[in-house]
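Worksheet for the structure shown next.
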Amino acid sequence: MNQMKDTILLAGLGLIGGSIALAIKKNHPGKRIIGIDISDEQAVAALKLGVIDDRADSFISGVKEAATVIIATPVEQTLVMLEELAHSGIEHELLITDVGSTKQKVVDYADQVLPSRYQFVGGHPMAGSHKSGVAAAKEFLFENAFYILTPGQKTDKQAVEQLKNLLKGTNAHFVEMSPEEHDGVTSVISHFPHIVAASLVHQTHHSENLYPLVKRFAAGGFRDITRIASSSPAMWRDILLHNKDKILDRFDEWIREIDKIRTYVEQEDAENLFRYFKTAKDYRDGLPLRQKGAIPAFYDLYVDVPDHPGVISEITAILAAERISITNIRIIETREDINGILRISFQSDDDRKRAEQCIEARAEYETFYAD
């Protein structure tokens, strides 16, 4: 029975599930994690990398061995698995959680179909990466990130505390809220911004016939502010459909906002135009800089360097000597409102700060942030 108590079934062996597993292993080395994934390649990799200890033959066969179930799959598949659990006939108690980006539909369904001996705590670790797959999993992925917990109507407080203890190796900041509040907050700061980014890209694409140079000049700041439009189309289709009501509310607000600024422009209302941008600037400048949020952060450093051969290799050699890893490096051709022509992206703010100090000390180039 003790073996079952210390066994966790992880369904979904991608970046998020794999990172949770590594964090649990770090803090609870006695736990046994068995895994299952729709991709045999991911399951084999997870076992080889030590992310899991064993593979399950099926979802339900894995649940039969475990006391805790972590469902790290898209929301649609999570709902399918909850239904399988409801009809499994498994008699022992279970602690169940998920990692989905929307919570109301999942938590409501869990309340509806699961027996009381199965305690479900909705979960949403608000951190990610620009990489995917179990090979990109890191035990520190959620460090200092918000990890939202959304208990259901039938969830005991003890189950929430039990889950927090299991996940404390993530070093995340746990925040409890209702599923409805979660979906409202994320619709504002994550879901709707993805729609806006995608719509800006569509607008640019449609403008190419009229302005053929649009694509070339969009390589600078425009590309930066629309980065999130490169996210998984399938994932964002599902997120919007599962958070439909909140998203429709955001559309209504956005239409009112656009109508307002359009009126200011139409009427050449300089005072209100200034106030509009000043209010936005002040609010954005007051947002936390170092707290991880719902959208993966980009830790970019801009380096003002002369345009001559060998500059990029000089910079990368400095960083390599200090063992500072970079995720991307590129030259910015369109530099309106951006200081510097070389942009280097890092995995963390600490790496960016170290790089800034090294470059300014050893190469005497001026560096800037555009946060």
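Cβ atoms are placed via backbone N, Cα and C, with glycine included.
Of all the Cβ atoms in the protein chains shown, 26 others lie within 10 Å of the Cβ of Ser19 (NAD(+) binding site). According to Swiss-Prot, the NAD(+) binding site annotation covers 7-37.
Looking only at the domain 'Prephenate/arogenate dehydrogenase' (6-295), the predicted model's pLDDT averages out at 94. Sequence annotations record features per position, and here Swiss-Prot assigns domain 'Prephenate/arogenate dehydrogenase' to 6-295 based on sequence analysis.
Taken from Swiss-Prot, the feature domain 'ACT' covers 300-371, and the record attributes it to sequence analysis. For the domain 'ACT' (300-371), the DSSP-based tally of helix, strand and coil residues reads 25 helix, 17 strand, 30 coil.
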Number of Cβ atoms other than its own within 10 Å, given for Ala23 (NAD(+) binding site): 25
Winner by Cβ contact number (other Cβ atoms within 10 Å) across the binding-site residues Thr7, Asn27: Thr7
CB within-chain contacts under 8 A for Gly35 (NAD(+) binding site), separation at least 6: Leu9, Leu10, Ala11, Leu13, Gly17, Ala21, Ala43, Ala46, Leu47, Val51, Ile52, Asp54, Arg55, Ala56, Gly62
